Amino acid sequence: MTDHIRPLIAGNWKMNGLKASTAEFEAMLAGAAEVTGKADLLVCPPATLLAGFADKARGTRAVAVGAQDCHAKASGAHTGDLSAEMLADAGASAIIVGHSERRADHGESDVVVHQKTEAVWRAGLVAIVCVGETQQQRDAGQTLDILRGQLNLSLPQGSTAANLTVAYEPVWAIGTGLTPTAKDVEQIHAFIRTLLIERFNGEGARMRILYGGSVKPSNAAELMAVANVNGALVGGASLKAADFLAIAKGC
């Protein structure tokens, strides 16, 4: 882990969670004091739970609440979509954009991710921009080229350490139980760091780079010890307070 960058453990609940799941979030709030010296915590529930979670967290500063996606426009005739401004109004402090499941399920391009990132900033929030390669791209030896292209096109020129976090999520590792080796993660995060510094200079040196892809309590400490890994984007393991907090303790 890069020592001067405070780590972030971000939980992406994806399309999981009903009102009864508030109990898990309350348990996270209750246990957060044990890890606040190690990392910042962020939970991104489905939009139906966002405002309720934000109300629970208000005044504690123990766990921040975020969103999983937004529309690029501030308002308009976009049935079923939510703007960054709406999510900010509901209590979000950050929004995930460009997750591989959005790219795959909804055909979101790097250009769309770029537009959504700017929308997140327009609402005064932090953008967590996801990049990563598929198994086919990995097998073809295209990982670095794919990441370079995604970063160049997805990240707007105004990116700073304060308004942007990058999340590397190898698509082949998401929800599969598979994870790259610590050496692989180190090489890829070093590559991402180099690209960020080349483009954004000192800001790029201070940006958080999260690792995402089957992060769980049993492998968190090893992954978080890797250079240029400044936290994690956690999927399934973030649904349980005990697992989520255990991952944060690995920082």
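Even glycines carry a Cβ here, placed using N, Cα and C.
Taken verbatim from Swiss-Prot:
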ACT_SITE  HIS99  active site, electrophile
ACT_SITE  GLU169  active site, proton acceptor
BINDING   ASN12, TRP13, LYS14, GLY175, SER214, GLY235, GLY236  substrate binding site
For ASN12 (substrate binding site), the three-state class that DSSP assigns: strand
Most crowded position, judged by CB atoms within 10 A, among LYS14, HIS99 as recorded positions: HIS99
Nonlocal residues around TRP13 (substrate binding site), in sequence order (Cβ under 8 Å, 6 or more apart): SER21, VAL43, CYS44, PRO45, PRO46, LEU49, GLN68, SER238, LEU239
ASN12, HIS99, SER214 filtered to the recorded positions whose C-alpha is within 10 Å of the residue listed as 'active site, proton acceptor': HIS99, SER214
Lowest local Cβ density among GLY175, GLY235, which the record lists as binding-site residues, within 10 Å: GLY175
Maximal Cα-Cα distance (Å) across residues annotated as binding substrate, namely ASN12, TRP13, LYS14, GLY175, SER214, GLY235, GLY236: 14
Rounded Cα-Cα span from HIS99 (active site, electrophile) to GLY235 (substrate binding site), Å: 11
Candidate with the highest Cβ count within 10 Å, taken from the binding-site residues ASN12, SER214: ASN12
